[in-house]
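Notes follow once the structure below has been shown.
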Amino acid sequence: MMYASLVHWLALAVALAVPFVTALGSVPYPQDDPFYYPSENGWQNEAPGTILRQRKIQAASLGIFEWKLDAWQVLYRTAGARPDKPSYTVTTFLVPSHAHRDRVVTISSPENSNFIQCAPSYAFRKTGVLEIANFEPRWEQMLYTLFLAEGWIVNAPDHEGPESAFSAGRFGGHMVLDSMRAANNFKPLQLSSNPMHIGHGYSGGSTPNGWAASLHESYANELNVVGWSLGGSMTDPLYTLNSLDGKPTSSLVVAGAIGLMDAYRDEVGNLLDDEVWTEEGKIAEKVMRNSCVYESVIRYFGTTFQSERYIKGGRNLSSWPQMRKISNMNTMGHNPRFTPRKPIFMFHALYDEEINWHQANKTAVEWCNNGANVRFLTYSSTSLVHVTTYLLNLPYIVQYMRDRFNGKDWYGGGCQFDVESQNPALDVNVLGERFRGILEAALDMLGKEIGPNDSILKNRLKAGQNPNTHHKTKLHVLKKGDISPGEGGDHTKESKKAAAKFKAEKKHGKHH
């Protein structure tokens, strides 16, 4: 989910760039590109992960800066909100030079929109003009070099599918898992007979990624998944949407409601139009269906949507039973049956201003209660927020993936909840190493060959950047029947009280 701190400086740029880009872009938008749709009838009868179309592309950053690697896109058969509901979507494969053919990292980029034009796959294309309107997936794509430099093949699915079903986790989970199947089936990748997969997603990408972890055992257990990484996790849809209302990125309240309803339209029909929205609400929905996240955020910056102006009677979205039912179905940890069975690294800022810490922590605890293997790292500094927490954790994410690909537990296994109380940004050495690496990696992809033989990440992950040794205070190790995860959250009255309680307990030695 993205991100109030970037909206201000993007507002003018987007306003000026959108007409220019729309007029001059040389690559058709997804809604106008036949590649995004099956060419023949009968695709519904194909197995999930079957390749329906394929093409080689020139990958680029911001539409013009070419990436020096091999890139393909495939349209593949997948499933929608339920395993028996056939669907299709596109994924993008990035292959670095000297790639390890047995290691694939699947990245769920945040899209946070109800418009197929905002799909990550389109953001990878070289269009010939500077593209910044759909900045949500583009900024994260600039960080992919961190994984490509390791020699790992990157798989980046359009996890919202043709419906652009933002916040519908199960829907996206199927599409993530089937993108892994598609990778295994795609011969040009030349993968080994049983390649290892790791899934990663932050913020809006954590939802499909977390659900892929949850559905792996029941839906695609033949996949050799060795781990999952997720942070800033939106694990409870309605909880998150309610907490965002009236905040800078409040347009996501409408976008999230639309996404949930679109994923289950055969069950709920036109609930939003028939029962929920006022005329102003319908206008807002139309805006969401025709814009990417920054455009909608700028237009509705700080709007309170759960009010009489947008919702009939000024009701809360949770007051509709259908909405509660679907949200519960898409809440991670709600159903013990869908518990991840592969190691998970989760991280979250205690004072995350976008996605409340409580819901992610609750999900981790519930997963642990049901036998999952979770390492949950909390950042308790008030100065660490949504975006900076992600950037500062990139070395940790890479280290976790390295260890998992090499068969290591990374931290000893089981469930473990830790807190890092010192802001890493206050440590000049860590700040310099982390951000220099990120910046160098981003710049490196502009004109150089990308792969493990370049100079970017060599010796990047030193002991000072490993969460097992750096500024880590062990909060508690979870044991069977002994779950006590502490308190924290955003700056609401309830969360401030909880955070104060946590600090008091820590001071008196209850957390050590």
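Heads up, the Cβ atoms here are built off N, Cα and C, so glycines get one too.
Per Swiss-Prot, these features apply:
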{"type": "ACT_SITE", "residues": "SER203", "note": "active site, nucleophile"}
{"type": "ACT_SITE", "residues": "ASP352", "note": "active site"}
{"type": "ACT_SITE", "residues": "HIS386", "note": "active site"}
{"type": "COMPBIAS", "residues": "488-497", "note": "compositional bias 'Basic and acidic residues'"}
{"type": "CARBOHYD", "residues": "ASN316", "note": "N-linked glycosylation site"}
{"type": "CARBOHYD", "residues": "ASN361", "note": "N-linked glycosylation site"}
{"type": "CARBOHYD", "residues": "ASN453", "note": "N-linked glycosylation site"}
{"type": "REGION", "residues": "480-512", "note": "region 'Disordered'"}
{"type": "SIGNAL", "residues": "1-17", "note": "signal peptide"}
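Most buried of the recorded positions SER203, ASN316, ASN361, judged by other Cβ atoms within 10 Å, is SER203. Comparing C-alpha positions, ASP352 (active site) sits nearest to HIS386 among the recorded positions SER203, ASN361, HIS386.
Within 10 Å of the Cα of HIS386 (active site), the following recorded positions from the list SER203, ASN316, ASN361 place their own Cα: SER203. Across the structure, the residue listed as 'active site, nucleophile' and ASN361 (N-linked glycosylation site) are spaced 14 Å apart at their Cα atoms.
Here ASN361 (N-linked glycosylation site) is positioned 24 angstrom away from ASN316 (N-linked glycosylation site), judged by their C-alpha atoms.
DSSP assigns ASP352 (active site) to coil, not to a helix or a strand. There are 25 other Cβ atoms within 10 Å of the Cβ belonging to ASP352 (active site). Within 10 Å of the Cβ of HIS386 (active site) there are 23 other Cβ atoms, across all protein chains.
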